[in-house]
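*Asks:* Below is the structure I would like to discuss, written out as structure tokens.
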């Protein structure tokens, strides 16, 4: 069993909201309109297999600890239960009804959003915002975003899953613009902690450094698609930790199958 300990403060807050209405053209721009990678390296060297294994375990332990430290007190709103997009509640606001109509146009005949459809949606939106520096959302990034939001493991996003993701993207896009103080279109390493804290993630220095190595360029600058991809993954990991920490002890135990499910489908 893996024992994951938590001993530092976490973040608060979950999905954002607002700005859902309008026709397809207006909504695509309005939903995302702002309010106003390199990978890590591995250790090497001689000393035998036992030493290498020890190094790997220390690295893995550090990753687990850094994540659990930040997740312990994170209190996001979980995505609502999955329902068909046409199941309109009597007290539903006109804004949400408009979003249902938008979803019906975006999702296609199966009324679910695939990774390819999500990629097309996001890339259409970011082209309307030249102040957001991005290389565009790639298919692999969107597959990962779908996977970590896919609560029922269908491989696609239903209405509530998509709405939760979309609300978060809108909130995080506003934060991105707010903390891009030099208007470079990117967030640099010194701007990153403030942006992440505004999004509800209070991380330690070790985890910030890991994120910069994974999601930023060689100069330490993070563009918009990497910023969103990183926050989607953090949000999902924190929600997973909270759901497994049923007693609120700041510790979870998972077997190897649960661990693989958490880490491989993401």
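Note that Cβ sites are derived from N, Cα and C of the backbone, with glycine treated the same way.
So Swiss-Prot lists the following for this protein:
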- 107, 110, 112, 117: Ca(2+) 1 binding site (BINDING)
- 135, 223: Ca(2+) 4 binding site (BINDING)
- 180, 182, 184, 186, 191: Ca(2+) 3 binding site (BINDING)
- 94-128: domain 'EF-hand 1' (DOMAIN)
- 137-170: domain 'EF-hand 2' (DOMAIN)
- 167-202: domain 'EF-hand 3' (DOMAIN)
- 203-231: domain 'EF-hand 4' (DOMAIN)
- 232-266: domain 'EF-hand 5' (DOMAIN)
- 1: N-acetylmethionine (MOD_RES)
- 6: phosphoserine (MOD_RES)
- 177: N6-acetyllysine (MOD_RES)
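Provide an account of the burial state, proximal residues and distances for the features listed.
*Replies:* Sequence-distant neighbours of residue 112 (Ca(2+) 1 binding site): residues of the same chain at least 6 apart with a C-beta under 8 Å from its C-beta are 154, 156, 157, 158.
Look at residue 135 (Ca(2+) 4 binding site): DSSP puts it in coil.
In this structure, residue 186 (Ca(2+) 3 binding site) belongs to neither helix nor strand by DSSP; it is coil.
Averaged across the domain 'EF-hand 4' (203-231), pLDDT for the predicted model comes to 93.
Residue 177 (N6-acetyllysine) falls within a helix when secondary structure is assigned with DSSP. Taking the Cβ of residue 177 (N6-acetyllysine) as centre and 10 Å as the limit, one finds 21 other Cβ atoms among all the protein chains shown.
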*Asks:* Near residue 191 (Ca(2+) 3 binding site), which residues of its own chain have a C-beta under 8 A away, given they sit six or more steps off in sequence?
*Replies:* 179, 180, 181
*Asks:* Beyond 107, 110, 112, 117, what residues of that chain have CB atoms within 8 A of the centre of the Ca(2+) 1 site's CB atoms?
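*Replies:* Output for this site, in sequence order: 106, 108, 109, 111, 113, 114, 156, 157.
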*Asks:* Quick one: pull the CA-CA distance for residue 135 (Ca(2+) 4 binding site) versus residue 182 (Ca(2+) 3 binding site), whole Å only.
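*Replies:* Cα-Cα distance, residue 135 (Ca(2+) 4 binding site) to residue 182 (Ca(2+) 3 binding site): 19 Å.
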